[in-house]
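Q: Dumping the structure here so I can ask a few things about it.
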Amino acid sequence: MAKALQGCSWTMLLLLLLAVQELCVWAVHTAVEGPGLTPPGEPALLAGRVKRGWVWNQFFVVEEYTGTEPLYVGKIHSDSDEGDGSIKYTISGEGAGTIFLIDEITGDIHATERLDREQKTFYTLRAQARDRQTDQLLEPESEFIIKVQDINDSEPRFLEGPYIGSVAELSPVGTSVMQVMASDADDPTYGSSARVVYSVLEGEQHFTVDSKTGVIRTAVADLDRETQDRYEVVIRATDMAGQLGGLSGSTTVTIVVTDVNDNPPRFPQKMYQFSVVETAPVGTAIGRVKAEDSDVGENTDMTYQVKDEEGMEMFRVTTDSDTQEAVIMVQKPLDYESKKVHTVVVEALNKFVDPRFVDLGTFRDQTIVRVSVLDVDEPPEFRPPSNLMEVQEDAHIGSVVGVVTALDPDTANHPVRYAIDRSTDAERIFDIDANTGAIVTGKVLDRETAGWHNITVLAMEADNHSQVSRASLRIRILDVNDNPPELATPYEAAVCEDAKPGQLIQTISVVDRDEPQGGHHFYFTLAPEATNNHHFSLLDIQDNTAAVHTQRMGFNRQEQDVYLLPILVVDSGPPALSSTGTLTIRVCGCDSDGAIQSCNSTAYIVAARLSPGALIALLVCVLILVVLVLLILTLKRHHKSHLTAEDDEDMRDNVIKYNDEGGGEQDTQAYDMSALRSLYDFSEIKGGDGGGGPGEGGPSRNPASQLHSLPQWVQSPDLDFSVFRDYICRKVQQADEDLSVPPYDSFQTYAFEGSDSPVPSLSSINTWSSGSEQDFSYLGGWGPRFRQLAALYAGRRGEEDSEES
């Protein structure tokens, strides 16, 4: 079988050339391969040269067909078809039966729907030729493709818009700003439908665009942000390589011109005027000035400074970082009387200077600020400002200490009045003349009481007391010799009975409340009343101390145990003052080494040997002992009363007898067993003088030695007393471990009546059965306290034996 082209659509003139091109390609292909070649992938039907049964071609269908009739696509034909209608043609695959329909007799294929290559570029189908009668395949099923032929029906689109770019002002020509890109949905491999070129519709005076790449560049070098800070540029993209008939799309690109520091700061005025009162404190803000800068951002940051020396001395300038203003402040106190007007030169300069624009000029500017000082009514000023005065302590009342002077600094020069702030001189030791400012003494002075006085002097205008100045004044009281010297302490010395002549007994020093400028110098000598003294001598050491020595051999306490030695002390004046002090010397007994053993005065010895700290410690110890004794007595009394209360409840000598018989183990209502158990609860026994047995009423000799285990009850082998045995053993163990509890002199018997027991009672004391196997002979070994109980049970045992016999 061989291929054959059956027909194509001549509805559009533009597709005619395309069809001719495809026809030429097919003709060349047929001429080279011949009609007997097998389609690719299809095995040969017969060996050798085989004639193909299909006649067809690769089909094309134009997109966006708008006709009213179905669009003819092509024909499939078998060379076995003789035109009698015996062969039925069918197709299957993509769009078969919906988009593409086939004539079963002729094999013509038509497209019934409008196709869009941008949605689907080709359709793959399968063709069959069957016998109409038998429905058997006459030819093997073969696959073919229907391609959708592209037309230029999609315009270029800018999918990434809107576009926003930026470029620095004053950038050179050709500076790249940004790139835009448009896409075309048409087939880029067929024709020029998808070939896009770019152009500028609006803004071509300042910007250009590369027609192939879409890169936008500056077209001028004088872009000025201060003139225009943004541009709206319209870029157009056209397909068909810009040829006539091509489709186009456009987008708007916003280009922002960024700032550079190309403008220096400029003051709007060349002179500013401010005023300030002369009393304004240092640091007061006088005013603000600001230099304008057309730039933005950090390019407007600037600093200010004072350029002239005069202004630099009296004023300073700081920069407000938030407002970029210059704040002019007072740096030194102002004085209207000295200078009424000050001129300050303020300079503004940019912080960041771009070196590329240095040739545009200096990036700084200056202005003049005139500051007028306003006169105010100021308080008086003290002159000179010295604040120290001196006066002798023996100055009479009304003596002049010194004079303070204050003047009104104003031009009017009002008279000044003076006063003393009495909060600093509450005792009114000093007074001041209101007109002259002379300070005089108001009371007698005493340097030893107060050597310095600090007072505050007030100066005010005579006709305006609200204008007040204050000055602190220190007055030093100069010393005069008005206090005699005195012994430093009431000296007491001791001398041994066997003392030798010339032995040092005591060194004497003195004190003087005065403070002479040349320092102290004292003179020592024996008082006139001690001229007949032959026992001791006084030596002036010339360093404001004196030494007392013995003058004879040995002393006798029996004859005289105390010597009083008067000593005269004189200072250096002027005038020279003196006083007499007494040295007490006691005669004491000493050992061979000269250590004092005893003196006649016991108080002296005690005072010498016991310090105040030792006495306090001794008293504290005695007090602690007294408290301990009282605490012990209280505890004993409390313990004794507690034992007495327990003795009142002691029931050791009571015999409790129960004559009623209960109903057995199940009867819990006949009588209260807790009364019996409470008598032998060892946990409640705290202690005491355990009472004697029935035969003895005295206390036990040694509680610890009288602790014995309770007797074990001899029981019948057929009775189960394990419950009571465990209980008794536990109580015995508790009593043995508690050494503070003395034993009870009591006899305790526990019995347990089992089921069907012939014993009528739980009490062992009331058991008179002749068949009892209890043996109480061991009670004789319990000591004299249980002697009477042993005799009682031994007699009962003898009666039982006699009855049995």
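Cβ coordinates are placed from backbone N, Cα and C, and glycine is handled just like the others.
All annotation found in TrEMBL is predicted automatically rather than curated by experts.
For 1-27, the entry in TrEMBL reads signal peptide. The domain 'Cadherin' annotation in TrEMBL covers 78-158, 159-267, 268-382, 383-487, 487-604. According to TrEMBL, the transmembrane segment annotation covers 614-635. Residues or ranges marked as region 'Disordered' by TrEMBL: 687-707. TrEMBL lists 688-698 with the feature compositional bias 'Gly residues'.
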Q: Which residues of the chain, 6 or more past the ends of the transmembrane segment (614-635), have a CB below 8 A from one of its CBs?
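A: Sequence-distant neighbours of the transmembrane segment (614-635): none found.
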Q: Could you give the number of helix, strand and coil residues in the domain 'Cadherin' (78-158) as assigned by DSSP?
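A: Each residue of the domain 'Cadherin' (78-158) counted once, the result is 0 helix, 36 strand, 45 coil.
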Q: Taking helix as H, G and I and strand as E and B in DSSP, count the residues of the domain 'Cadherin' (268-382) in helix, strand and coil.
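A: Across the domain 'Cadherin' (268-382), the residues distribute as 16 helix, 53 strand, 46 coil.
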Q: Helix, strand, coil residue numbers for the domain 'Cadherin' (383-487) per DSSP?
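A: Secondary-structure breakdown of the domain 'Cadherin' (383-487): 0 helix, 50 strand, 55 coil.
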Q: Could you tell me how many residues in the domain 'Cadherin' (159-267) are helical, how many are strand and how many are coil under DSSP?
A: 3 helix, 45 strand, 61 coil
